[in-house]
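Enquirer: Annotation source Swiss-Prot lists N-linked glycosylation site at Asn3. What Swiss-Prot records for 31-51, 55-75, 92-112, 131-151, 169-189, 217-237, 255-275 is transmembrane segment.
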Amino acid sequence: MSNSTDPSDYCTFEICPITEAYVYYVPSLAGNAFYLALFAVLLAAQLVLAVRYRTWGYLAGLSGGLILEIIGYIGRIQLHSNPFRFGPYLEYLICLTIGPAILSASIYICLGRIVIVYGEGISRLRPKTYTMVFVACDLVSLVLQAAGGAITSVADADQYDLAQDGINIMIAGLASQVASLALFMALCLDYAWRVYKSPHNLSPETRMRDLRHSLRWKAFLAGLALATVAIFMRSVFRVAELKGGFHSSLANDQVLFMTLEGAMIAIAVIALTVLHPGLCFDGLWDQTKWSFRRSRDSEMQLIEVSAGHEAKAQRADLGMS
């Protein structure tokens, strides 16, 4: 609803029932303050780690998403004192809806680098293709969710069809995010299977091989998987929540929201911070960066390394004969 019908113009707890508020409950001050503080700390940690390890692309998605999470929980804290206010409700609704789509971009850029660590030859797609395709999907999801939120926000109370159109567009955006995350997980599993089946076709570069065998690397992969699954679960929940509309019982269940929205995103960002690629790539984050110009160079370097190994093996065979 637009602010022309804002219940805060005439409603207080003493005058209006909670069913006239934008959410049918009083948001928990302690719970929302906890998430606000947690995401603020994680944002600061991400900034420090980015400066230390120069992981600017990784920072972009996480910082953008975390800023939106912080704004969203500020809105929910404001709703604690007055759930009839439209402004804080809009802050919470839009920011917490689109924030995870931006967070997902940081996950997507990691897959291309993981492919370089293991070897491009066994991948179905080039490293840059993974990043470009999924970031593009993320952008589509983001635009749909933002557009749906904007349409819903300007609909007056008597413009049910317009409000429902906005909700449907938001659902489409969230559904596209679920679909892209599902495809991303499927391609990750496919690549993992190819790595498992082709251990002799992995990148022969010594530093890449050592990185693959390190405990920190394995922990990084586990953390990335955990973050992906957590955001996926959250997105499925939000699709189901919006499917019933803003006045459904699911959309007004605070415990479910704090668990399947707040906790899932918290788990994801904690994993993406504690197991930061700057800490787990052993100084190879920049070396695994692709670009249109360097993609071919990387392939030639791997070919040269492989040729060097073959030449050494041939010399060894000649020496033995």
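Each residue, glycine too, has its Cβ placed from N, Cα and C.
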Enquirer: Under 8 Å between C-beta atoms and at least six residues away from its ends: which parts of the chain pack against the transmembrane segment (92-112)?
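Expert: For the transmembrane segment (92-112), the far contacts come to 57-62, 64-66, 68-69, 71-73, 75-76, 79, 127-131, 134-135, 138, 141-142, 145-146, 149-150, 152-153, 170, 173-174, 177, 180-181, 184, 187-188, 191, 224, 227-228, 231, 234-235, 238, 261, 265, 268-269, 272, 277, 288, 290.
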Enquirer: Six or more residues out from either end of the transmembrane segment (31-51), which same-chain residues have a Cβ under 8 Å from its Cβ atoms?
Expert: 58-59, 62-63, 66-67, 69-70, 73-74, 76-77, 80, 258, 262, 266, 269-270, 273, 276, 278-279
Enquirer: Can you work out which residues elsewhere in the same chain, 6+ from the ends of the transmembrane segment (255-275), have a Cβ less than 8 Å from its Cβ atoms?
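Expert: Contacts with the transmembrane segment (255-275): 28, 31, 35, 38-39, 42, 45-46, 49, 62, 65-66, 69, 96, 99-100, 103, 106-107, 219-220, 222-224, 226-228, 230-231, 233-234, 237-238, 241.
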Enquirer: Should anything in the same chain at least six residues away from the transmembrane segment (169-189) have a Cβ under 8 Å from its Cβ atoms, list it; otherwise answer none.
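Expert: Same-chain residues near the transmembrane segment (169-189) but 6 or more away: 97-98, 100-101, 104, 107-108, 111, 124-125, 130, 134, 137-138, 140-149, 151-152, 225, 228-229, 231-232, 235-236, 238-239, 242-243.
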